[in-house]
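To keep things clear, I will list the structure first and then write my remarks on it.
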């Protein structure tokens, strides 16, 4: 099993490959959309280009951060190694929250695509909103959802001493590194005390509920 430096090198290489593939394929897609798409596409081609640009930026951010999605029990956190980063922990945390926001925005981008296709098939008059300045409002939907996810990550899912100690042994046994070598966002739903009582972690539960509501809405 890969641990420590070897694990990070493997993970970093994997993310670089996927980011490179995303850049090449999306660049090709943007070229084809911009130069080969029929006029019937109308403003939908701008939505497609917007999606491709977003996916490239998201892939680049992921390749830079090299996030580790770590789950143990009722705990879910996204770990970012600080050893190979030249920026401060604060900026790493902010970029981690932006990474969270990117996931939230992705759901909304697909939703806007489905809305457009539904309006086109049903010949709904709202389809005209994609052919005017109102297209900007449609673009603001994923930005708003992404900003909400990012804010919730920073405000309710930031590091705290209790959670750090809770996952310390698990992180060490899984990666051969101390949790102190990572910046993270996430939380635990509950933990069981020595006397058998259950301690609910309301901040993370509220955050998870709000994020789920954003996706559903």
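Heads up, the Cβ atoms here are built off N, Cα and C, so glycines get one too.
The transmembrane segment annotation in TrEMBL covers 12-34 (among others).
Counting only same-chain residues 6+ beyond the ends of the transmembrane segment (98-116), those with a CB under 8 A from a CB of the stretch are 44, 47, 50-51, 54, 57-58, 61-62, 65, 67, 78, 127, 130, 138, 141-150, 152-153, 185, 211, 214-215. Residues or ranges marked as transmembrane segment by TrEMBL: 98-116 (among others).
TrEMBL lists 136-156 (among others) with the feature transmembrane segment. Below 8 angstroms of C-beta separation, residues 47, 50, 54, 93-94, 96-98, 100-109, 111-112, 115-116, 129-130, 185, 187, 203-204, 206-207, 210-211, 214 of the same chain, each at least six residues beyond the ends of the transmembrane segment (136-156), sit close to that stretch.
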